[in-house]
Structure formats: structure tokens, C-alpha cells
Amino acid sequence: MQRNFLRGLLICLVPCLLAGVYAFQPDKYRLGIDLAGGTILVYEVNLERTRELSQAAKAEGGPAAAKTDAPGLSSEDMTKLAHQIKRRIDPADLKNVTVRPLGNSRVEIILPTGGATSGSRANLSAEDIEEIKRLVSQMGVLEFRILANDHDDSAGIIAARGLIESASPEVRGDWAVRGTPPPPPEGEFDVKAESDKAHKVRYLWTELGPEERESLNLNNAAEGNSKLWTDMSKARAEGKTYLHTGGNEGKTYSMLLYSREVKNPAALEQEAADKAKLEAEGKGAEFNPKKYEYYLLTRVSPIDNVKVEGDVSLSAFSETDQKFNPAVGFRFNGAGGQAFGRMTERNKPQGNNIRSLAIVLDQKVVSAPTLNAVITTQGQISGRFDKKSVDRLVMILRNGALNAQLREKPVSENTIGPTLGADTIKKGTMAVGLSFLTVMVFMVIYYRFAGTVACVALLANLLLTLGFMVSVNAAFTLAGLAGVVLMLGMAVDANVLIYERLREERGKGANLATAIRNGYERAFPTIIDTHMASIFTAIVLYVFGNENLKGFAISLTVGLIISLFTSLYMTRLIFDFWLHKRWVTELRMMRLFERPNFDPMKYRFIFFTVTSALTVAGLALFLARGDQGLNVDFRGGTVYAGKLKDGEERALSNVGGQQGFRELLTDPANVQAKLAVKDVRWENKPAAGGDINALGVYIFDIVYGDGAKTTVALTEKPKGATAEDMEKDVRERASHLPDVSVEQMFLSGDNFADGRSRYFTVRTTERQKELVQASIDRLLRDEKGQALVASPDMLVPVVTGPVVDLRFDVPTSPSRIKDLLEQRFRAENLTDPAGFTFDLKGVGDAEDGRFRTMRLDVSKNTNFASLKGRAAVGAATGAAGAAVAGGPATVVSATAVDAKQAESEAASLVRMLTVVETALETRPEPERLEVFDSQLATETRSKAFYAILASWAAILLYLWFRFGNWTFGAAAVLCLIHDLCFTLGIIAACHYVHDTALGRLLGLEDFKIDLPAVAALLTLVGYSVNDTIVVFDRIREVRGKNPKLTPQIINDSVNQTLSRTVLASLTVFLVVGVLYVFGGEGVHLFSFVMVIGVMVGTYSSIFVAAPLLLIFGEGHHELAPEEVVEKTDDGKPKEEEVVEG
């Protein structure tokens, strides 16, 4: 016996000790962005490069990359790109990384705890972030080609050499400036190779990657130290190609190379920036610029190259090559193996000639091994790789290529503070701890010693769950912590089931040891059923959920599995050990119901009528609110990133009596005072009889209560069929900013006290950028009405030609100036689309994507035709009119130019630029102002809907399997539909009562469904079905072998499980109730959904689920003689005696 206890003790202690090694290391906890902040990277799509790759793919007969015919990608392509990046960075969905598209050409990546802000610990080091940048910057398109060689490709090589060597130095220099590969030989060539017939092939120049440059001794370190480098240097100086030959063991290979000096301005600018950064960090000696570009001539044909796309896929893994250096192993699928086998069969060694394979990643040769045999399914990419490069390449290949290429460096990189704020985090974490403590105290008071045993199991459950999450590097969010506590509350249900069963066994007269044994054995099937239902729900949540829900689902699943171990094994071991030592001879417990004699079936028709009416009403109320009941996660909207003036730093919430960002932007009193609209006038209203639906832009003047005026240009027609209705719609939308969420950002150089910062980001469901900016400009003002947001000053230039330079006192966003110019051009050219035409480019060095000088070119604009012939000299003048030298100058003949018309056009342009200058002064420029498309929101909404449907289907099938009849599954699912509709109705009703005295007393808000709320609803599905399963299990037990189900059997089953049902619900209610009252904003809606759900779920398991079995005809078939079971007088099977309570 002693040995058995020792073995059991080790089974319990070893996992707990291992978990403790992780759980008691605070520095190992990876906190989510809501608790610790993080780093925000904004990347821009390289549209030019993506377009080139798309055209190249079409030319090769493969599927094109993302469409780039428009100024950006489509919504579908942007959403797909965001998902691909997310899968590459965080494939297991454990790190709480968020990736979302911004507009049609940018992607935002939010990395939790990416930097230390206000004392927050940085879980991701600078090196980690740089590695993520490298992962993102590579598109990941993998292709296998054959290098052109003088044995098979002599005609193509002659043509390629002739094309390059006949070009003038100026032409070759232009290729280098553009940064594009040299042009390949035109047309197709016949190449026979090893096959018995020739195939038509084309040729492409492909750049050598750094790994293969090093392998061939063409890197900077080999300068002057290798024969190939010397030969290439000579060919480069003469503007020629070079045919390199080599070999060993009597076998020879050849390849054609071309080299040139790096002259592309963008590449040189990037190298200069990298050099400056390294020098600033004291690492100038590490700067290693790419001086020369090297290109290999590769063969392209359907049989001579294999591209990993479509039907062709591969798995990648880390391994070592023959020299024990890190390498990437790969294994093709069936289609890929066949294609690769055909290619290598055709190009296998022939006599003394061997061919070389080019492994091309993102149009760069990363490895060029010789082909020594036919290869089908498995191969290796080897070269001068280090371990990190191999791991990165494996990650990229495993998760597939991106559908568009991003620019190498992010256009912005900021550190964001905890999105919930210090006060909310403090309240939430305290509430999580308090709710856990409340459940433990309740269990000890109610069940005494047995409750203490349950608390030990709960603590072990918590330790094991935390240890697992830390060991897999999962992120802890506040909603996730609430989910862990909720899981622990549900884990208590298992102990309640066991203890109530134990009470029954004692009531039958069994001794304590027998009661414990029978209690565990008889509660086992019910515990398994309840846990499996919740686990199925969590699995569904993982499959259909987004990145915010998958981590929650993983922690819930792991916690429930651990709960089975702690509640069924650990507590049993403790009881057995205490009995063996005779330290316990009696289990004293409180009793909730003595001998309940409740008759729910008597009133089932009344309950059904009321329930059906409330369910339909709840669903109708929620649907009636439409999109107004959803938050920005599901609707899309606008993101505004801004910067406060020097000295106006703010915290997220009120600190030291100074309003924080939240109070300024969301406080009802502040919003009502500053956004009170007195009048709205439609500025560009068409004349009588004009079509109000045909305008490209709708311009409105908004007059506020204090007399201040602003003008907004809306790109979509406001609601309404008349001008009055449209003005009314604009008035309503300008009077409030809907569904605002605020995030605080920090820059690495800032070090303000009390969590203050100058940088912030606002998200709202309003989709008109102009209305968002106008509202934020009004809200972020001090008591004197002065703007708190910093804004640039623009110097209006003197216009004497079609090209002028716009100068700013601080780096300014070109997109912002472009938006303002477009508004003015559209406002003054309502009927002439060509009047919108202009070109705006940054001049000089960019600072985080912003410029101090921008060049405006209106030469293609029909409204400025006379300026084309004038000298374009833009001498900028300040407010006092002083000339500023340095503007662009282009001198041309002014003959035949209408001087008067040109002066009029120049004055018109100055007038529009003055309006832009005024707009910058009166409406501060945001760091970013972009609409994030509803495509992602629509997909998020669909995923949530499918997740709920799938969870219902999983429960239906599982209960059908467990109880042997579809009626049990159908009854449970109808209960869940009832619970969901009722809960959604209550959430919708809060919109109408939250601002009343009762609403404020109950802590109600105008709740909007967000992703944590969806997690709560899905958790509710798993929890709600638990009570139903407990009742169904007892019905099966009371019914015995009698196939006929009667109202009395249902009544008996409900009464026998009433104590367990109420107690189990009470423990969870204690958890979510404490979270709701004390948890604050971070978990308020999550806990509210669970509070309502627990009450509704308890009601439905008693008054809806079991009676539905009768309605569905469960057990209504006629009894065969052998099915008749002898009953007692009260209708129970004679062999089944149950002590109630």
C-alpha cells in the first residue's frame, strides 16, 4: 500500500515541480499587449516589386501575385497578406501577435512586450524584433531552376553575352540605377539536355544572394583573394560577362555570370542609413556594404524549373550538410516530387558534363549545387548559412510565400504602452485573484475538509496550467487570465459532482471508504461528458477563431485536461491516503436542499411559452441594432495616430488631476461640450435639379456651439434623400465619435514620468477620415481652446511654373498633404476629372516616411495648362513674404504663352495652397489617418458565427454518440440556442437602460460585441451544456432499462441533481460576479456575458432541456414484453434506490 501511495505521490508531484520551475520565474511570463504594451511595426507593400513578380509569374505560366493595377492591393489581397504574415510570425497562435491591413498598401504588426515602456519588462529583445523584421521582409517564393551551361545552352549564352556586351556604358549604367536585372536574350531556344527531344526554353538573369556570393568567394572578404573575384573584377571593368568553369573528379560544370557596381539610389540610401545606425550604436566596424551585384543566367521552361506553388508544396526542416554546417532539408509532396524528378532526370550528369541547380528564393540564388543524380522527393539547401538563417528559412518555407512583397524596412516603428492602462490592469488582476480566492473560501466553508482537498487540486491545476503556458511561451492577456480563472471555476464543478455523489452514497448507509469509491466511480462518466463538451468547444474556438481567441482556446483546453487529472486522480489519492492513515473518519458538509420535491414538469408549458417569447424577443432586439451592436473588431473603421505638443504629455488615464487620453476622448461630459454642433451647411450642393448622387466628394461646413467652424470633405454620400436629411446625418455623426478605443505609444527616446507620452492611436467605427479628424481635433484641446496636437507649418511658395516646392518646419507625411490637395482640387473642379491630376513626391532624406520638402507637379493638370510653358521656379516665402532660395528651376522659352492666363492659374494654385496651409494650422496633422477595411471585420464576424455553429454541431454529435439517441443532442443544442439568443438580447437591452439609474446601479454599459465577448459566448456554450449533461446523465440512470421516459422520471432526476446544479452554477457565478464588479474595463463585457449566461444556462438546463426530450418523443415507442421493467410505487426501477439530496 505504501508503494502505491509513493507512486501516486510521484505522479502528482513531478508534473507540479516541473510546472513550478516555469511558473515561479516571473521574467519568463510573456504578457499580452493589453498588459505590457509592445512594438508596432507598419510596413508598406512594395507595389512596383509585386507588380514585377506578378508579371513574371504570368510570363512563366504560373498564378500571378496580388493584383496591383490600382494604386494599391484589393481588400481581399490585403486581408490574405495579413493572414500570411501572421502565420509566418506566430504559427502556433500563442504569442498574441496582431497583424491587420491598413488601407490598401500598408500592414500593421503589433508585437506584445516589444520594448520597455514606463518600467515594463521587454520580453522581446531588440534582436528578436530584428529577426521578425527579416521574416516579414522576405516574400518567400521558392523556385528551382537549372543554370545555363556551355554544353546545353551555348546558343542562349551567346545571345545573352552579345546583348550585354553590345550595350553602351550609359545603357548598362541605367540598368544599374534602376536596380533591375540585365535584360535576358529575347525569344525561345531549343535545348535537348539529357532528354531524347528538345524543349523550348527562355533565359533569365537572377541575382546571387549573400550566401551563394560567399560560397563562390565573391563577397567583400574575398576581394583580391580569389581567382573568380579577380576574373569578375576584370569583366566588370570591361562591361562583359564571364563564363566560369569548374569541376572535380573529371566532371566539369559551367555558369555565366555578370557583375556591376551597386548604383540604385534606394539601395545606396538604405546602406547609408544602416551605416549611420551602426555608427550611432558604436558598431561602425561591423558595416559591410554590398559593393557589387552578381547575376547568374538561369534556364526557364516547364520542364527545367519547379516553383513551390499550387499543387507543388514541400515541408522544410533544419539539418546539417556533409561538412556538419547548418542546412535546410526539404521534402516535396507527390506532385512536387514528380516535377522535381522530371527536371533532375532531364539534367542528370552526361559523360563528363554535370549541370548545376539554382535554388532561387525571392528572385535571388541562395544556393547553386551541382546535380549528381536524379532527385525526386527529398533534397537539401546548403551554403554558408548560420543557425539563425536556417531557422528563418525553415519558418518561411513551412508557412508559404506571401502574396505581395513588403519594403525591406518598416515605414514606422513605435512602442505602445499597455492598451488597458495601469488603473484598469490593477483592477483586473486584483479581481482575477479575488475571484479565485472567493471560490476557494466557499469550497472550504461549504465542504470543509473535502473543500480543502478541492482547493489543493485547484492550486495544482493553476500551477500546471501556468507552467504549461510559460513553457510554450504563450502570451498572458487580461481576458486570458479571466478565462483561466473561469476554467478553474468550471474545474470546481467536477469536485462538486463527486462530493454530492459521495453524500448520496453516505445517505444510503455506505461507510466512508465505500462512499468515496462509489462517488468517484459514479461521477466519472458525467465528469468526462461535461469536460469533453467544453473541450470540443475550445477546439472549435481554436479552429475558427482569430489570433486573439486561439490562445484563449489553448489555455482553456489544457486547463480542462489538467482538471481531469487533478479532480479525478489527485483528490482521490489524498482521500485514500487520509483514510489509510485514519486521519479522517467522517466528512462533514453543509446541505443546500434537504429533500427537494420540485415539480418543474407541471409548469413546463408556461415556461416554454415565456422562454420562446423571450428568446425571439432577445434575438430580434439584437438584430434590430444591427452593426450598432458590434464594436470595431467586426465593423472596420478609421485609425488616427497623433502626437501632442511638447509639454502636453498625457497618461492613458487621469494622473495627478490631469485628464488622460481616455478622459479627453471618451468622457461623455467632454464629448458633449466640445462636439455640440450648432449648424451644418452643404458647401458644394448642386444647383436645383442637379444629381446629388453624382458627386465625387461631399463638402460640408460644420459650425460648433462655440462658433468655431471646420470643413469636412466626405468621400461617400451621407444618408438621406434630400439635402436636409444629409445635413442632419452629418450633424449627428459630427456630434460624437463612435466606439472609441485609445492606445498610448512611446518612442525609445522619450522618458516621461507617470506613464505619460506624446503619442497615441485612436480607433473608431466612423469610416470617414475627415469626420474622425475633425472630432479628435475638437476633443484634444485645452481649457482655452488651444490644440493639444502638434501640427507642421507650411511655407506657401511663389508660383511661377507648374512645379513648386512645398517646405515644412518639421517632417510631414506626404499622404496627409496629398489628401488635403485632393480635397481642394475636387472642390474647385467638380465636373472635370482631369482637374484632379497632380504629382507629389518627397524631396531629400525621409524621416520615418516623412519629408521637410515635397515637390508638387501640376503639369498634367488641365486647369494649369498655361503654366507648362513658364519657368518653374518655386521660391518659398514665409509669413512675412521673405524669399527662400533653393527652389527648383527649369528654364524654357516663354513665347506663345498666355501670360495673363498663366498668372491667373498661378494665383489659383496659390489660393488652394493657402487653404491647405490654413487646414494644417486649424486641423493638426495626424501621424497616420487611415481607414482599415471592413473586409477583415466581415471575415472576423463570419469566423465567430461559424465557430458557434460548429460548437453546436460538435455537441449535438457527441451527445448523440454518448446517449445513443439524437434527441439528447438536439435538446441540448436548442438549449444553447436559447441561452445565446437570451444573452444577446440582454446585451442589446443594455443600450437602452445603461444610462438610467438602474443601469448605473448595476454597472451596465452600452456593450458592443467584441472578440473577448465571442470567447465568452463560446465558453458559455461549453459551460451551459455541462448542467444539461448532469441532468441527462441522471435521467439515464433513473430511467435504467426502461425505454419509456415519463414526466416523473424527469422530475426525480431534476430534484436529485438540483443541489449539484445550483452549487456548480454558484461557484462559477462567484468567479464571474467578482470579475464583473471589481474587474474594470478589461474584463467587464466578458464577465457580464458569463454572469447572464450562468443564470440563463442554469434555468434552461432545468426548465428547457429535459422537457424537450418529451416533446421530441424520447421513449414513446411501445414496450415489448421483454422490455417491461418492474417498478416501485413511485415509478422508479425497482433495482435502483437513490437517496436524494
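Using the three backbone atoms N, Cα and C, a Cβ is placed for every residue, glycine included.
Because the structure is a prediction, the values reported are computed rather than measured.
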The annotated transmembrane segment range in TrEMBL, which must be one of 691-709, 881-899, 1014-1032: 1014-1032
Selected stretch (most C-beta pairs under 8 A with the transmembrane segment (1061-1079)) from 453-472, 605-624, 944-961, 1085-1112: 1085-1112
Residues of the parent chain within Cβ reach of the transmembrane segment (551-575), under 8 Å, 6 or more residues beyond its termini: 5, 8-9, 11-12, 93-94, 96, 453-454, 456-458, 460-461, 464-465, 468-469, 474-475, 477, 479-480, 483-484, 487-488, 490-491, 494-495, 498, 516, 520, 524, 527-528, 531, 534-535, 538-539, 541-542, 545, 584, 1015, 1019
Tertiary contacts of the transmembrane segment (453-472), as residues 6+ beyond its ends and Cβ separation under 8 Å: 12, 15-16, 18-23, 25, 28-30, 92, 94, 436, 439-440, 443-444, 447, 484, 487-488, 491-492, 495, 499, 555, 558-559, 562-563, 565-567, 570-571, 574-575
Positions whose Cβ lies under 8 angstroms from the transmembrane segment (428-446), at least six residues beyond its ends: 420, 452, 454-455, 458, 462, 478, 481-482, 484-485, 488-489, 492, 495, 589-590, 1063, 1066-1067, 1070-1075, 1077-1083
Same-chain residues at least 6 beyond the ends of the transmembrane segment (526-545) whose Cβ lies under 8 Å from its Cβ atoms: 93, 490, 493-494, 497-498, 552-554, 556-557, 560-561, 563-564, 567-568, 943-944, 946-947, 950-951, 954-955, 958-959, 962, 1014-1015, 1018-1019, 1021-1023, 1025-1026, 1029-1030, 1033
Tally of DSSP helical, extended and coil residues in the domain 'SecDF P1 head subdomain' (305-404): 26 helix, 33 strand, 41 coil
